[in-house]
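This report concerns only the one structure given below.
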Amino acid sequence: MKILVTGGAGFIGSAVVRHIINNTQDSVVNVDKLTYAGNLESLADVSDSERYAFEHADICDAVAMSRIFAQHQPDAVMHLAAESHVDRSITGPAAFIETNIVGTYVLLEAARNYWSALNDEKKKSFRFHHISTDEVYGDLPHPDEANNNEALPLFTETTAYAPSSPYSASKASSDHLVRAWKRTYGLPTIVTNCSNNYGPYHFPEKLIPLVILNALEGKALPIYGKGDQIRDWLYVEDHARALYTVVTEGKAGETYNIGGHNEKKNIDVVLTICDLLDEIVPKEKSYREQITYVADRPGHDRRYAIDADKISRELGWKPQETFESGIRKTVEWYLANTNWVENVKSGTYQSWIEQNYEGRQ
């Protein structure tokens, strides 16, 4: 099987590529524009494989996408290419509209034109797997808002969409496009919506890598608001396994939620990281003393939580890592891979961090 993976140099995309090359006999064509968060060093361990090919291309480029489909003849698409950082979407939403909505449309059309020319057997087995986020659902009631002993709801595959940020609105739009191409044209699509990912090779603008690296450098550990926002945390390698399971075994037209069963307040995540660093690389004062509280971001959702029963029941997938085991692996990886970290921390990244966090008081 040959799988075309868009965004394969990104955080989740590179985990998917590594999983396929290291754990299956399938081939990968990695299509990536290599924007600031795309890093081919994340694929150094698999880039020499005969089953791996790289195409430096933008999913918004219709000519390039048509050529890539015609040249590589994939059996499936795993579409991960996206602008994905909520804070960046607030200060610069245009890139999110262009990549996440227009790019998905261009890719769908290239896939549809390619798929329509396949023989019946290949048409039936072809899959266009669109990887999305739980943020399209909006937010859920927080424990602070619940009555005593009241069970808190979870996001299911039938939860209504209510995106809060330009990022989540752009992903919701792309989800709707993918489902429309199934219903209108018959393209065999699948959508997955996942919770917050963490793990190795994560670009250091997101909470967990930002906290690890700032802590080690003696910098402030910025916490939005009171830090009581709740997220469900999913180890990225567990997510990669889930995505491969869906593209190879999932039913066309279906949606699958993917979660880690690890609801944590942001402040508790940060405290856990500080305690691990106190254990592994202790210093005179606890890393907890570097925690600082900054103004919350606009429209910040208070709670996300995934019901992943469907993928477990129908496809047999379950996460292997607990949050405790996964966060320890993550901290240890960043401590052991300082060269990777230094190479991704460009001047552009530094100026963005200063603008986004140091201006919040």
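Every residue gets a Cβ built from N, Cα and C, even glycine.
What Swiss-Prot records for this protein:
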{"type": "BINDING", "residues": "11-12, 32-35, 58-59, 80-84, Thr99, 167-171, Asn197", "note": "NAD(+) binding site"}
{"type": "BINDING", "residues": "Ser84, Thr133, Asn196, 206-207, 222-224, Arg231, Asn266, 296-300", "note": "substrate binding site"}
{"type": "ACT_SITE", "residues": "Asp134", "note": "active site, proton donor"}
{"type": "ACT_SITE", "residues": "Glu135", "note": "active site, proton acceptor"}
{"type": "ACT_SITE", "residues": "Tyr167", "note": "active site, proton acceptor"}
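Positions of Swiss-Prot features highlighted on the structure.
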residue	record	Cβ contacts under 8 Å, 6 or more apart
Lys33	NAD(+) binding site	His56, Ala57, Asp58, Ile59, Ala81
Ser84	NAD(+) binding site	Gly10, Ala37, Thr133, Tyr167
Asp134	active site, proton donor	Phe155, Asn193, Cys194, Ser195, Asp232, Asn257, Gly259, Tyr304, Ile306
Glu135	active site, proton acceptor	Val86, Pro163, Ser164, Ser165, Tyr167, Ser168, Lys171, Asp301, Tyr304
Leu207	substrate binding site	Asn266, Val269, Val270
Asp296	substrate binding site	Tyr224, Gly225
Winner by Cβ contact number (other Cβ atoms within 10 Å) across the binding-site residues Lys171, His300: Lys171
Helix, strand or coil at Lys171 (NAD(+) binding site) [DSSP, three-state]: helix
Three-state secondary structure, Asn196 (substrate binding site) (per DSSP): strand
Length of the line joining the Cα atoms of Asn196 (substrate binding site) and Phe11 (NAD(+) binding site), in Å: 12
From binding-site residues Arg231, Pro298, His300, the one whose Cα lies nearest Phe11 (NAD(+) binding site): Arg231
Cβ neighbour count (within 10 Å, all chains shown) around Asn196 (substrate binding site): 22
In three-state DSSP terms, the structure that Ile223 (substrate binding site) belongs to: strand
